[in-house]
């Protein structure tokens, strides 16, 4: 036991040492909390042990004895609470605390301890502490403030006061505990003090009561929010009145507040206290913000206006109202006018309380409506009674009232059981997801649940074994057929158009009656394809028939029979039409056929008009005729969602025109370049006489060469289906560019443009970003008659914002101190009457003006004209002149001031008379300038006696030069003979005493000195590219259209919401300094990537020279270094810093708007200065009302328990950002009977307290583990209850923000009130800037690709197409709209893996409106390595594969109008379908060519074509060039470059990207998307793939690349290569090799890209030493045997098993078998091409080839057989192997010599057997169980290993060969890191580990 205590003492000492280094960054702790930070949750819940220990730490240095007393009391409390130490971590805590107490006792140096005097000592210290910290005075001031209703306090003082009060409270609690055993005198005084505190001292408890934003539980002094009139009015509105039912006397009211509505809800329904507290604040803020937006005058006793209550009421209950109307049930209230304000507030409060405690049920918005509907009825009944009683629905048998247990838990438990299906790999169709549960409430049948909810309801039926519980309205079967089912209208349209174009082409392009009759064959096509769709509806509904609505099933059956009968009827009639045409009889059937088609087309047109045209849609909604409603119902299913998906007529016409242009282009192209050229060749092939086939033909010989025709037409059909996406891409690029130009994007795209237009920025800023409240402010201007008044006013308003932006750039180290001085703008509210511009615009202008003056030989007017050609030179001259006058006037007095006034009077007169060049000797200006700069150089320094003497002398020298050299002789004589001046000069009084400048004159002197001395060109300021980009975008955005800014108090409140799991929060010192395999540390890498920012950082912290060593010695500098590095990575720290700029911007805006709550209002006579605005209590409070930031750190609780560094870093962020809130899921283990441990889950919200420690604000118990579905949306859902405001911006943890963009946020939020169509916006799309593009060429490609989509792409999606969805962050949601409709994402397992986009689907289906805005941007990080990018694209592609199966895509595809549906398809799943079709087209083309080559038909056809002179046939055979038009998909990127960077820069950037092999990268990405998308639809397996977000690019080993890309790229590339080899070997091409190269060029490029891109883009991929190491590693991995627990990273066998996991179902096995059968073609075709077989085409030859293959397999088995037993058998085996080898060689020689078998035949046979062998392996994997039961699995495994070894060698050989040449590695480094080279990074030396050379 002694050893245990010793170990604990060592641990505690180490902990305390780390605490002392808390600011160093070497440890992770951020405050001196000692063991206080380790208090277990079980002890914290009911005691203040943590606060007592915190106080002990605070008082340790002041009075160690008091600290010891507090620690001992804490130990006693812990012992009393848990004497047996059963709680988790209690024993360790007690042991550690005892060790701390022992240390405190040891420090007494043997002094005897008298514990009997502890209480007296504690009392005395308490009295001293109170006096020293003026606690009694504070209480008096507090009382005064409360009585006056005003607020006035210093933030710093209030913060310190909070700490004092926390310590006092701990002292009081300990004194109360010890007072029982105290001596009588001291005990009595303590008891009296305690009674006084409890009676009158509200401050102690109020200040320490946890609160989030508004201190509702108890008013506090440190927060001004409670003094805002709208907040006071909102609190008053929810107060309890006498009209409400009486609460029981024993009901406890939390805190020091009056009862309110929420207390009644808590008592009646058993809501949790913290849920009630949370929603109380939520409702108060909602009411307060609604009130402030009304702009009503404030009253002494503020009240909430009825309109504000009505607005909140209607918005919160909007979905409930629509739900009731849909189900045609009565609302809980009769009418809006029938209920008073209190009832409205009760209903709103009830809804939020229900929602706030619903946990996972929040994903079921209509379930929430159902619960609310019944609970509101109960509440209504209770409100009519005199006394409050618990609601029966929430009361159990024991009388305990709990909404959570009685209402939520039963639903949650059912969902949990169902979710187990998703977690265990069940198909989507076999278990109910969130949508299935929610859609149960879309039918009146949901009321069968009754109320209280019946536990035996079918809704709560839990799955048993493999038995299904039944889906609701849709079943997600895994099949490609969903693509047809969801978008059948598009496929039918394309098929019908193809049929029409083909018929016209085959009729020679003639349009006559005969052609028309043939074209009418589209009727049967249309009917049959619709019948197929209705059949799919019936088939794919399997799994929901037992539970689906009867009406929905009836509709399916009716449509099935309708289209079945229609298909038969239309086909029959059309056959009769054809018979009539052939017989030339009376066209009766033709007339009937045309009539039927015409009537049907008319009905469809009418229905389309009524359902899709906005003008008609309203009428159709109102029409009640059952006949009309029936056809409308048949035409389109009526769901709760998806109703009213129409747009404004003008918007509709826009996107219709867009698609009509595409159709014209597409069908013209298809007709003339795809279909028409194939008509004549097809006729020739069909009519050709019997051709000589090279093999045993089974089909085409007797069927008009059907397969030959198919091989020609299939690629064309594939391209026909795919190329519409290319036309969409081209047109969207053009439209997007035009819209971007109209929006004025790219007008300022260089620093030179910024300089030229800077003069117009203040006015533009004033018009767009300044609220009316600031515009009305007075300005203290001395020259009101000046024509520059408006510009001066604009500049005065613009300058504080501009300067804060520049300051933020300096804080982020993008600019240096000197650049900050040059970029900063004067306040323009001082003594100079003209506008003062930043010095970087005026730099060197004075010197240039002097040069012009020296060269002047003309008049004053001519000189001024030349100066004015540069407007900023004119500004500089004017400012310099006025500033010199003001400065000199302020410096001197007496005779000196008279001289100054006289000089400037004379000069002014000369200027007015135009005689300046006569009055002044301009040649002497440089001398005057040098004298004056000498003076200003002294004045900018701190005042000393010596400097005063020097300044006096400098002024006198200036006087001498001006008087005797600058002025004309006449004026000089006048001044010399001026008696007053002469007397003062002679007596030595002239300029003998000067007034040293103080602010603001000193600032003016400093600016004047810089103006006269800076010689740098403005083109170089700022130097940093990121600083330039940010300033360029911000200034450009000032001229873009945006809503007018509202005052902060009237703006829409919003919340920023970031989900976080376990990513990097803050880089530690060790992470920054640890070196990788190349000897490069992260810090060294960053220093070279960002050299200028590193220099600026060193300047900011005051370091230089050997800075690294100095930084390590300084604790504060080390922490700053950690933040500097973290702000350049994709870390949570960077995101938090960026988002907190919103608060800073709001504080600045609020401060300037002069909203004050007390006596310290700003003076109304002048524009306020902004110094110290961040300390203004009013500005901080106003910002907190309008902005909150919640980071949902899902496992923060677990991280704290295991002392993870991420937890400490998050706590550090909390301490540094007081407005930051962290939500997390807390897990507690509860011991139950029988020793079973159960877990309880809590959703908690914390902030930093006065000591910087976590302070729990809310803790809401959950029904169980919240993670039932996908992790990220579940993480968002649990924390969304803590968000506030009307809007919520979703931000990922790898994003950034900028102060200049935060300033525009209130403008963006006003878009919610703007006119954007029929409906107000529900999601505001925001532009992103990808900040990782400079790391490498790959990062640049990804950045450009992403930028193209988030700008030009989304611009077009939003307008004109109206199909923009939510593609992730940083969109801004209408918070109330979405939280009442299921949240901001969907969470069902796997199907919703791309959770973000479902928010867009859901918003659109629920009549939302999604817009896109580009005048504001948010930073975004992207993956920078190829493997990271591939994993990310794999995740997105897999997510799109799951979307194909989803009900959301199905409904949008069915319910959107045709043109909008096309837009939706091609911008979501259609993009991936077309990507896959691009690859499939290559396969189809090459397999078609392989068929022609193997069969020998191509040679025969070409010979016939030559005889017939048909050139069109050759064009058809070479049609593969069409595949290469995929290059057009890069057009949007190029157009975006041109728009935002200019034409020349765009061309340069595009050429640079091509030289960096961007085409290889994009081709490789094509394969990634195709593989994961296709595999997901076929087999599933989509999952979240962690990519890692590091920026240090490391070398990836060959084996790792092989594992990742083998099946997705390498196998497919080798298959295409095999097809190309077959094509060149056996195909016939007229024109020889050149024609072959031209035809197959793109295919070879694809092969090379897919095989070698991972190694081309692999750092050091061609370095010889690494190549050797990679080969060793790969061979070790390949040969290592797998086993239990061995991962695929270590063993080929384990990896091989993992690669087969996706094949799980019978359907998947059948599909894999069908797809794999294509490999049979190679052996079948090649065997008939051998010289050995001649021209024989017997089927027996093919059969004999299988005999040979079996023999080869047996020989392989002999050579690979390794017996594990019997050493005697080894000799026999080796003998057999030797004999077999000799026999095999001999047999081959004999066959070659004595038969027609040639050496080329041997190689051809190898190709054939390779393909067949791969087929065998694929089939063996597919039917693994069968193969294993036959005992062949081990042989298959060895066979597969050999294949992987062979593929690896094929790829590795060229790499090894190129690695021999050193210049290849150098070239590769330049290829990969060109961007970094342009910024000074010598990456080749870095990757070689030659760090020393770089440093030298």
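Using N, Cα and C of the backbone, Cβ positions are placed for all residues, glycine too.
It should be emphasised that the depicted structure is a prediction, and the values quoted were computed from it without experimental measurement.
Residues or ranges marked as domain '1,3-beta-glucan synthase component FKS1-like' in TrEMBL: 342-454.
Under the heading transmembrane segment, TrEMBL lists 487-506 (among others).
Residues or ranges marked as transmembrane segment by TrEMBL: 560-578 (among others).
Among the features that TrEMBL reports, transmembrane segment is placed at 590-611 (among others).
Sequence-remote contacts of a segment are chain residues at least 6 beyond its ends whose Cβ falls under 8 Å from one of its Cβ atoms, and for the transmembrane segment (652-673) they are 497-498, 501, 504-505, 612-614, 646, 720, 723-724, 727-728, 730-731, 735, 1359-1362, 1457, 1459-1460, 1462-1463, 1522. Among the features that TrEMBL reports, transmembrane segment is placed at 652-673 (among others).
If you look up TrEMBL, you'll see 1464-1486 (among others) marked as transmembrane segment.
Summarising the annotation, TrEMBL assigns transmembrane segment to 1521-1539 (among others).
Positions annotated as transmembrane segment by TrEMBL: 1610-1629 (among others). For the transmembrane segment (1610-1629), same-chain residues at least 6 beyond its ends with a Cβ under 8 Å from one of its own Cβ atoms are 1479, 1482-1483, 1486-1487, 1489-1490, 1492-1494, 1498-1499, 1502, 1567, 1571, 1602, 1635-1636, 1639-1640, 1643-1644, 1646-1647, 1650-1651, 1722, 1725-1726, 1729, 1804, 1807, 1810-1811, 1814, 1847, 1850-1851.
Look at TrEMBL and you will find 1635-1657 (among others) tagged as transmembrane segment.
Per TrEMBL, transmembrane segment is recorded for 1739-1759 (among others).
Per TrEMBL, transmembrane segment is recorded for 1771-1796 (among others).
Sequence-remote contacts of a segment are chain residues at least 6 beyond its ends whose Cβ falls under 8 Å from one of its Cβ atoms, and for the transmembrane segment (1802-1823) they are 1611, 1618, 1621-1622, 1625, 1700, 1703, 1709, 1712-1713, 1716-1717, 1719-1723, 1725-1727, 1729-1730, 1745, 1748-1749, 1752, 1788, 1792, 1832-1833, 1836, 1839-1840, 1843. The feature transmembrane segment is assigned by TrEMBL to 1802-1823 (among others).
The annotation transmembrane segment is assigned in TrEMBL to 1843-1864 (among others). Same-chain residues lying 6 or more positions outside the transmembrane segment (1843-1864) and placing a CB less than 8 Å from one of its CB atoms are 1598, 1602, 1606, 1610-1611, 1614, 1651-1652, 1655, 1661-1664, 1667, 1671, 1674, 1678, 1692, 1696, 1813-1814, 1817.
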Residues of the parent chain within Cβ reach of the transmembrane segment (487-506), under 8 Å, 6 or more residues beyond its termini: 515, 518-519, 521-522, 525-526, 529-530, 532-533, 667, 670-671, 675-676, 679, 717, 720-721, 724, 1453, 1458, 1461-1462, 1465, 1470
Residue distribution over DSSP helix, strand and coil in the domain '1,3-beta-glucan synthase component FKS1-like' (342-454): 81 helix, 3 strand, 29 coil
For the domain '1,3-beta-glucan synthase component FKS1-like' (342-454), mean pLDDT (0 to 100): 89
